[in-house]
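What Swiss-Prot annotates here:
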- 1-62: region 'Disordered' (REGION)
- 37: SUMO2 cross-link (CROSSLNK)
- 69: SUMO2 cross-link (CROSSLNK)
- 71-149: domain 'RRM 1' (DOMAIN)
- 127: SUMO2 cross-link (CROSSLNK)
- 134: SUMO2 cross-link (CROSSLNK)
- 134: N6-acetyllysine (MOD_RES)
- 145: SUMO2 cross-link (CROSSLNK)
- 221: SUMO2 cross-link (CROSSLNK)
- 277: SUMO2 cross-link (CROSSLNK)
- 277: N6-acetyllysine (MOD_RES)
- 285: SUMO2 cross-link (CROSSLNK)
- 388: SUMO2 cross-link (CROSSLNK)
- 400-608: region '27 X 6 AA repeats of [GEVSTPAN]-[ILMV]-[DE]-[RH]-[MLVI]-[GAV]' (REGION)
- 415-420: repeat '3' (REPEAT)
- 500-505: repeat '14' (REPEAT)
- 507-512: repeat '15' (REPEAT)
- 514-519: repeat '16' (REPEAT)
- 672: N6-acetyllysine (MOD_RES)
- 685: SUMO2 cross-link (CROSSLNK)
- 692: SUMO2 cross-link (CROSSLNK)
- 698: SUMO1 cross-link (CROSSLNK)
- 698: N6-acetyllysine (MOD_RES)
């Protein structure tokens, strides 16, 4: 269509030129009379000239007299060492002016021995076919055919694509370009552009229209640089130097130009939608690709909708009857032999259905046998119904059903046995893993070393517990309400833990020997407890009375059933008897006075089993017990006024941040971590007045600090990935 417009513009230009030669309008004649045309028609002529310039696309050169036609000749049997320039010189010498020469190249840039030559005039094309046909070039006779519609070149190009997949534009021309699916399936990109891009024959310049008049080439380059490397950007201007609202952008690669069309066509720039397309000079002059021909429809049919196949293509109904091994299921007969043939293929089997079922054991670990049973049952029911209905091929399914009998027997025999063996092998592995857990738990027998630590509790800190217990009274009152809330939650959680804890029961039995070794150590602890009863404990224990009442109700919610499921009864009464608890209950507890009350008794009864099982859980590292930190830990925690023991790790509220940007200040650090919770303190580590790239942040609770580690660790600040950890040295 654009070519037709240009042709019309040329005709209009010719008419204007003829009018100018005949006489300028409005110029008075020799007798002073006005000419045949008045001065009022001059603006109309100027408008025509402007329209002519716009339609011609800025006076671009068009080498063809009639742009709608191409006068091509297709030459084959060209020596492989002949370059396109040499071929052009030969054709120019023998025929005349040549517009375009293209050698077809393979993927390696070597000549395929054929070429396309375009001429400006039709006579030149016919002369080339007469003169150059059978002309000897380097000992090889050339074969020249007229090819105005490009059919011969199209076939040759298809043959090249089928063999090598490459095509060049000339000497050293590029091969076929691999196009990503995002471009191939993009509805905004025409098919002819995609074909030209694949062949490497597409330019890298795009044409942009409907630009705002204040957009200059710098702004245009800035915008289109998002699509690729911009080599040049131009804004077309009028004779006064003002923008015409159109421009061109040249990229480094053709695929970047196609990407620019996809990214910016229809997008707003200063509230005006841009119209982006390939520039006419970037498109190949000859179309050597098969056009996208629409599907031929019957006469009178306007169109069709989407089919049921992939991409809306119609599907062949014949393929629907070819199910995977399900035979031909229809009113005439079920075709059970088809089921057998299909299932045989599932395992690479051969033979009828019965022989194939032997190998069903291969699928023991991966197939849902219940689902297979359901499918077979439904198939048998359908077969019985069809057999009862009779008629047609109904009887043809009976032999297939009979053949299924021994096959199903084999499925229940050898196949299921193999499944059992496979499951048994898996359970054996689980058993071996549990045995390994037992060995680990056996190593906990080193609890005997706890005895020496407990023995140190007496002289180190137990005598000083009186003043500490007084201070504990108020704290325990605050803990009471929390324990009540914990009761309901722990009870619900322990119910879920019942099944896994049952499995650990056998392992806990192995802990019995380790607990038995604790007996003599706890006997020594009984003697130390007798020293704990100075009069100063009375006031503190009186305050603990109501607190223990609350703890009792919380422990009641935990439920005895949940504790029984924990497998603690397997530890044995003998082990607990040897712990020397009778010495702790006789004299020591009586001297602790009525302040403990019956609530403490009930609480201790319910806490006994739980504390017995969990007492050693805090000492995960055997190396701490070897160093005697057990006794020192309790001495520090009971004897000191709220001090933390060196052997027991406490949760810190401070985090340490590494790899911070060097321009980061403490205020910026605080503002950033305020997203995680309330920050009490933030600081940047400095050296000689310069940041060391690390800092600390302190929160109001350990939970907030841990949340900050989870949220901020690995986050990028100014391009640097920070490392956030709990500050253990705080």
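One is the number of the first residue shown, and numbering goes on along the chain from there.
Note that Cβ sites are derived from N, Cα and C of the backbone, with glycine treated the same way.
Computed over the repeat '3' (415-420), the whole-number mean pLDDT of the model equals 53.
Nearest in space to residue 692 (SUMO2 cross-link), taking C-alpha to C-alpha distance over the recorded sites 127, 134, 221, 685, 698, is 685. In this structure the alpha carbons, written CA, of residue 685 (SUMO2 cross-link) and residue 698 (SUMO1 cross-link) are 14 Å apart. Counting only the Cα atoms, the space from residue 277 (SUMO2 cross-link) to residue 221 (SUMO2 cross-link) is about 16 angstrom. Cα of residue 672 (N6-acetyllysine) to Cα of residue 698 (SUMO1 cross-link): a distance of 13 Å. Residue 145 (SUMO2 cross-link) falls within a strand when secondary structure is assigned with DSSP. Annotation for the recorded sites 134, 145, 221, 685: lowest Cβ count within 10 Å of the residue's own Cβ, 134. The recorded positions under consideration are 127, 277, 672, 692, 698. Their Cβ neighbour counts within 10 Å are lowest for 692. Residue 221 (SUMO2 cross-link) and residue 145 (SUMO2 cross-link) have their C-alpha atoms 46 Å apart, to the nearest angstrom. Residue 134 (SUMO2 cross-link) and residue 698 (SUMO1 cross-link) have their C-alpha atoms 92 Å apart, to the nearest angstrom. In the three-state DSSP scheme, residue 685 (SUMO2 cross-link) falls into the strand class.
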